[in-house]
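**Student:** Submitted below is the structure of interest, expressed as C-alpha coordinates.
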Amino acid sequence: MKSNKFYSRIAAGLEAMNIEYQEYMIDQLQDYLKFLKEENKKYNLTALDEPDEIITKHFFDSLSFLSKFNLKQEKFIDIGTGAGFPGMVIKIFKPGLDMILLDSLAKRVNFLKKLSTRLGLKKLEVVHARAEDLARDKIYREGFDWVVARAVAPVNTLSEYTLPLVRLNGKAVFFKGPGYKEELQEAQNALAILGGRLKDTIKVKVPDLKGERYLVLIEKDSSTPEKYPRRAGIPKKRPL
Ligand SMILES: C[S@@+](CC[C@H](N)C(=O)[O-])C[C@H]1O[C@@H](n2cnc3c(N)ncnc32)[C@H](O)[C@@H]1O
(Lines of atoms letter the chains of each structure in order from A and count residues from 1; the text may use other names and numbers.)
(Lines give C-alpha, C1' and ligand atoms only; values in the text may rest on other atoms or scores of the structure.)
Protein backbone atom coordinates (compact mmCIF):
# COMPACT_ATOMS: atom_id res chain seq x y z
CA MET A 1 0.00 0.00 0.00
CA LYS A 2 1.79 3.04 -1.27
CA SER A 3 -0.11 5.33 1.07
CA ASN A 4 1.54 3.77 4.10
CA LYS A 5 3.80 6.10 5.95
CA PHE A 6 7.16 4.51 5.25
CA TYR A 7 6.56 3.17 1.74
CA SER A 8 8.29 5.94 -0.18
CA ARG A 9 11.27 6.02 2.16
CA ILE A 10 11.83 2.31 1.76
CA ALA A 11 11.31 2.49 -2.02
CA ALA A 12 13.85 5.31 -2.29
CA GLY A 13 16.40 3.27 -0.31
CA LEU A 14 15.91 0.23 -2.53
CA GLU A 15 16.30 2.32 -5.65
CA ALA A 16 19.47 3.96 -4.30
CA MET A 17 20.90 0.46 -3.77
CA ASN A 18 19.71 -0.74 -7.19
CA ILE A 19 17.66 -3.55 -5.68
CA GLU A 20 14.72 -4.86 -7.67
CA TYR A 21 11.47 -5.23 -5.76
CA GLN A 22 7.74 -5.65 -6.04
CA GLU A 23 5.28 -3.54 -4.07
CA TYR A 24 4.11 -6.41 -1.90
CA MET A 25 7.67 -6.82 -0.58
CA ILE A 26 7.64 -3.29 0.80
CA ASP A 27 4.23 -4.02 2.34
CA GLN A 28 5.74 -7.07 4.03
CA LEU A 29 8.63 -4.99 5.33
CA GLN A 30 6.19 -2.45 6.78
CA ASP A 31 4.24 -5.21 8.46
CA TYR A 32 7.56 -6.52 9.86
CA LEU A 33 8.23 -3.03 11.27
CA LYS A 34 4.79 -2.88 12.88
CA PHE A 35 5.02 -6.34 14.42
CA LEU A 36 8.59 -5.75 15.62
CA LYS A 37 7.51 -2.57 17.40
CA GLU A 38 4.60 -4.35 19.08
CA GLU A 39 6.61 -7.38 20.21
CA ASN A 40 9.68 -5.37 21.17
CA LYS A 41 7.68 -3.77 23.97
CA LYS A 42 7.06 -7.21 25.48
CA TYR A 43 10.28 -9.08 24.73
CA ASN A 44 13.16 -6.65 24.17
CA LEU A 45 14.07 -8.04 20.74
CA THR A 46 16.27 -5.19 19.53
CA ALA A 47 17.76 -2.05 21.09
CA LEU A 48 16.36 0.18 18.34
CA ASP A 49 12.78 1.30 18.72
CA GLU A 50 12.35 4.30 16.44
CA PRO A 51 10.93 3.32 13.00
CA ASP A 52 13.23 5.54 10.94
CA GLU A 53 16.23 4.09 12.76
CA ILE A 54 15.00 0.53 12.26
CA ILE A 55 14.58 1.21 8.54
CA THR A 56 18.11 2.58 8.16
CA LYS A 57 20.15 0.56 10.62
CA HIS A 58 18.37 -2.79 10.34
CA PHE A 59 16.47 -2.93 7.03
CA PHE A 60 18.78 -0.97 4.71
CA ASP A 61 21.93 -2.34 6.32
CA SER A 62 20.63 -5.90 5.81
CA LEU A 63 19.65 -5.10 2.21
CA SER A 64 23.10 -3.74 1.35
CA PHE A 65 24.00 -7.40 0.78
CA LEU A 66 21.63 -7.54 -2.20
CA SER A 67 23.26 -4.48 -3.73
CA LYS A 68 26.46 -6.52 -4.10
CA PHE A 69 25.47 -10.16 -4.59
CA ASN A 70 23.12 -11.65 -7.10
CA LEU A 71 21.44 -14.65 -5.49
CA LYS A 72 19.61 -17.49 -7.20
CA GLN A 73 17.62 -20.27 -5.59
CA GLU A 74 20.36 -21.15 -3.17
CA LYS A 75 20.72 -22.47 0.37
CA PHE A 76 21.25 -19.67 2.82
CA ILE A 77 21.65 -19.42 6.60
CA ASP A 78 21.87 -16.42 8.93
CA ILE A 79 23.79 -17.19 12.14
CA GLY A 80 22.73 -15.26 15.26
CA THR A 81 19.92 -13.57 13.34
CA GLY A 82 18.42 -11.86 16.42
CA ALA A 83 15.18 -10.19 15.32
CA GLY A 84 15.91 -11.27 11.71
CA PHE A 85 18.89 -9.24 10.54
CA PRO A 86 20.03 -9.65 7.87
CA GLY A 87 18.35 -12.99 6.96
CA MET A 88 14.65 -12.17 7.28
CA VAL A 89 14.99 -8.95 5.30
CA ILE A 90 16.96 -10.71 2.54
CA LYS A 91 14.34 -13.48 2.42
CA ILE A 92 11.51 -10.96 1.89
CA PHE A 93 13.27 -9.53 -1.17
CA LYS A 94 14.52 -12.91 -2.46
CA PRO A 95 11.57 -15.23 -1.74
CA GLY A 96 13.07 -18.03 -3.85
CA LEU A 97 15.94 -18.58 -1.41
CA ASP A 98 15.98 -21.61 0.82
CA MET A 99 16.53 -19.76 4.09
CA ILE A 100 17.34 -20.75 7.66
CA LEU A 101 17.36 -18.20 10.47
CA LEU A 102 19.33 -19.43 13.48
CA ASP A 103 19.52 -18.04 16.99
CA SER A 104 20.28 -19.42 20.42
CA LEU A 105 17.77 -17.15 22.18
CA ALA A 106 14.22 -18.52 22.38
CA LYS A 107 12.34 -15.21 22.52
CA ARG A 108 13.88 -14.06 19.22
CA VAL A 109 13.23 -17.41 17.55
CA ASN A 110 9.59 -17.31 18.68
CA PHE A 111 9.18 -13.81 17.32
CA LEU A 112 10.58 -14.88 13.93
CA LYS A 113 8.32 -17.94 13.76
CA LYS A 114 5.26 -15.77 14.37
CA LEU A 115 6.46 -13.22 11.82
CA SER A 116 7.07 -15.91 9.21
CA THR A 117 3.50 -17.21 9.62
CA ARG A 118 2.10 -13.69 9.57
CA LEU A 119 3.90 -12.87 6.29
CA GLY A 120 3.11 -16.28 4.77
CA LEU A 121 6.73 -17.01 3.87
CA LYS A 122 7.63 -20.36 2.32
CA LYS A 123 11.00 -22.16 2.29
CA LEU A 124 11.94 -20.52 5.58
CA GLU A 125 12.99 -22.43 8.68
CA VAL A 126 13.59 -20.73 12.03
CA VAL A 127 15.91 -22.80 14.21
CA HIS A 128 16.61 -22.49 17.92
CA ALA A 129 20.16 -23.75 18.46
CA ARG A 130 23.75 -22.69 18.87
CA ALA A 131 25.80 -22.49 15.72
CA GLU A 132 28.42 -24.85 17.21
CA ASP A 133 25.77 -27.56 17.73
CA LEU A 134 24.07 -27.12 14.35
CA ALA A 135 27.35 -27.67 12.51
CA ARG A 136 27.70 -31.08 14.21
CA ASP A 137 24.44 -32.21 12.60
CA LYS A 138 25.06 -34.03 9.29
CA ILE A 139 21.95 -32.46 7.75
CA TYR A 140 23.45 -29.01 8.06
CA ARG A 141 27.23 -29.46 8.05
CA GLU A 142 28.83 -28.05 4.87
CA GLY A 143 25.31 -27.72 3.49
CA PHE A 144 25.00 -24.02 2.61
CA ASP A 145 25.92 -21.90 -0.41
CA TRP A 146 25.84 -18.77 1.73
CA VAL A 147 26.34 -18.27 5.47
CA VAL A 148 25.93 -14.71 6.74
CA ALA A 149 26.22 -13.03 10.14
CA ARG A 150 25.92 -9.54 11.53
CA ALA A 151 26.93 -8.28 14.99
CA VAL A 152 27.53 -11.73 16.44
CA ALA A 153 31.27 -12.07 17.17
CA PRO A 154 34.75 -11.01 15.96
CA VAL A 155 35.92 -12.68 12.73
CA ASN A 156 38.05 -15.34 14.47
CA THR A 157 35.16 -16.67 16.58
CA LEU A 158 32.66 -16.06 13.81
CA SER A 159 34.70 -18.16 11.39
CA GLU A 160 34.34 -21.15 13.70
CA TYR A 161 30.58 -20.57 13.96
CA THR A 162 30.09 -20.24 10.21
CA LEU A 163 32.71 -22.03 8.09
CA PRO A 164 31.78 -25.59 9.17
CA LEU A 165 28.33 -24.86 7.68
CA VAL A 166 29.62 -23.54 4.33
CA ARG A 167 29.78 -26.05 1.48
CA LEU A 168 33.01 -26.42 -0.47
CA ASN A 169 33.35 -23.35 -2.77
CA GLY A 170 30.48 -21.69 -0.89
CA LYS A 171 30.72 -18.30 0.80
CA ALA A 172 30.55 -16.70 4.23
CA VAL A 173 29.76 -12.99 4.40
CA PHE A 174 30.20 -10.94 7.59
CA PHE A 175 28.59 -7.52 8.02
CA LYS A 176 31.18 -5.29 9.67
CA GLY A 177 32.16 -1.73 10.56
CA PRO A 178 35.60 -0.19 10.01
CA GLY A 179 37.17 -2.40 12.72
CA TYR A 180 37.14 -5.35 10.32
CA LYS A 181 40.84 -4.93 9.41
CA GLU A 182 42.10 -5.68 12.94
CA GLU A 183 39.62 -8.53 13.25
CA LEU A 184 40.94 -10.06 10.02
CA GLN A 185 44.53 -9.79 11.28
CA GLU A 186 43.50 -11.79 14.32
CA ALA A 187 41.56 -14.33 12.26
CA GLN A 188 44.29 -15.50 9.89
CA ASN A 189 44.96 -18.65 11.87
CA ALA A 190 41.24 -19.47 12.23
CA LEU A 191 40.60 -19.06 8.49
CA ALA A 192 43.56 -21.27 7.54
CA ILE A 193 42.52 -24.04 9.97
CA LEU A 194 38.84 -23.98 9.02
CA GLY A 195 39.32 -23.97 5.22
CA GLY A 196 38.40 -20.35 4.50
CA ARG A 197 40.18 -17.75 2.38
CA LEU A 198 39.59 -14.02 2.39
CA LYS A 199 38.26 -13.21 -1.06
CA ASP A 200 37.26 -9.55 -0.76
CA THR A 201 36.19 -6.76 1.56
CA ILE A 202 33.45 -4.72 -0.05
CA LYS A 203 32.54 -1.22 1.07
CA VAL A 204 28.78 -0.70 0.90
CA LYS A 205 26.74 2.46 0.82
CA VAL A 206 23.77 2.15 3.16
CA PRO A 207 21.23 4.91 2.39
CA ASP A 208 20.88 7.54 5.13
CA LEU A 209 23.45 5.82 7.36
CA LYS A 210 26.41 7.72 8.75
CA GLY A 211 29.47 5.55 9.25
CA GLU A 212 31.28 3.00 7.13
CA ARG A 213 29.92 -0.46 6.46
CA TYR A 214 31.71 -3.43 4.89
CA LEU A 215 30.90 -6.93 3.74
CA VAL A 216 33.77 -9.33 4.41
CA LEU A 217 33.64 -12.14 1.86
CA ILE A 218 35.26 -15.47 2.73
CA GLU A 219 35.36 -18.41 0.34
CA LYS A 220 35.64 -21.97 1.47
CA ASP A 221 38.40 -23.68 -0.48
CA SER A 222 38.96 -26.77 1.63
CA SER A 223 36.83 -28.89 3.90
CA THR A 224 36.68 -28.03 7.63
CA PRO A 225 38.44 -30.69 9.78
CA GLU A 226 36.00 -32.88 11.75
CA LYS A 227 37.09 -31.56 15.15
CA TYR A 228 35.66 -28.08 14.41
CA PRO A 229 33.63 -26.37 15.64
CA ARG A 230 34.72 -27.13 19.17
CA ARG A 231 31.99 -27.53 21.74
CA ALA A 232 29.55 -24.70 22.43
CA GLY A 233 31.15 -21.73 24.14
CA ILE A 234 34.79 -22.62 23.36
CA PRO A 235 35.09 -20.66 20.05
CA LYS A 236 34.22 -17.49 21.97
CA LYS A 237 36.30 -18.28 25.05
CA ARG A 238 39.39 -19.45 23.17
CA PRO A 239 39.31 -18.18 19.56
CA LEU A 240 41.59 -20.09 17.19
C1 LIG B 1 23.91 -8.58 18.94
S2 LIG B 1 22.74 -9.77 18.36
C3 LIG B 1 22.70 -9.43 16.61
C4 LIG B 1 21.43 -9.87 15.98
C5 LIG B 1 21.31 -9.59 14.49
N6 LIG B 1 22.23 -10.41 13.70
C7 LIG B 1 21.49 -8.13 14.19
O8 LIG B 1 22.44 -7.79 13.50
O9 LIG B 1 20.65 -7.32 14.63
C10 LIG B 1 23.61 -11.33 18.42
C11 LIG B 1 22.70 -12.52 18.32
O12 LIG B 1 23.49 -13.68 18.11
C13 LIG B 1 22.98 -14.74 18.88
N14 LIG B 1 24.10 -15.67 19.11
C15 LIG B 1 25.27 -15.39 19.74
N16 LIG B 1 26.06 -16.48 19.74
C17 LIG B 1 25.40 -17.46 19.10
C18 LIG B 1 25.69 -18.82 18.77
N19 LIG B 1 26.85 -19.38 19.14
N20 LIG B 1 24.78 -19.54 18.08
C21 LIG B 1 23.59 -18.97 17.72
N22 LIG B 1 23.24 -17.70 18.00
C23 LIG B 1 24.15 -16.94 18.67
C24 LIG B 1 22.41 -14.06 20.12
O25 LIG B 1 21.40 -14.84 20.76
C26 LIG B 1 21.87 -12.75 19.56
O27 LIG B 1 20.50 -12.85 19.22
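Cβ from N, Cα, C; glycine included.
Unlike curated entries, TrEMBL annotations are predicted automatically.
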**Student:** Kindly point out which candidate in Arg108, Arg150, Arg167 is recorded by TrEMBL as part of the S-adenosyl-L-methionine site with Gly80, Phe85, Ala131, Glu132.
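**Tutor:** That S-adenosyl-L-methionine site, as TrEMBL gives it, pairs Gly80, Phe85, Ala131, Glu132 with Arg150.
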**Student:** Taking DSSP three-state, what's Gly80 (S-adenosyl-L-methionine binding site) in: helix, strand or coil?
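**Tutor:** In three-state terms, Gly80 (S-adenosyl-L-methionine binding site) counts as coil.
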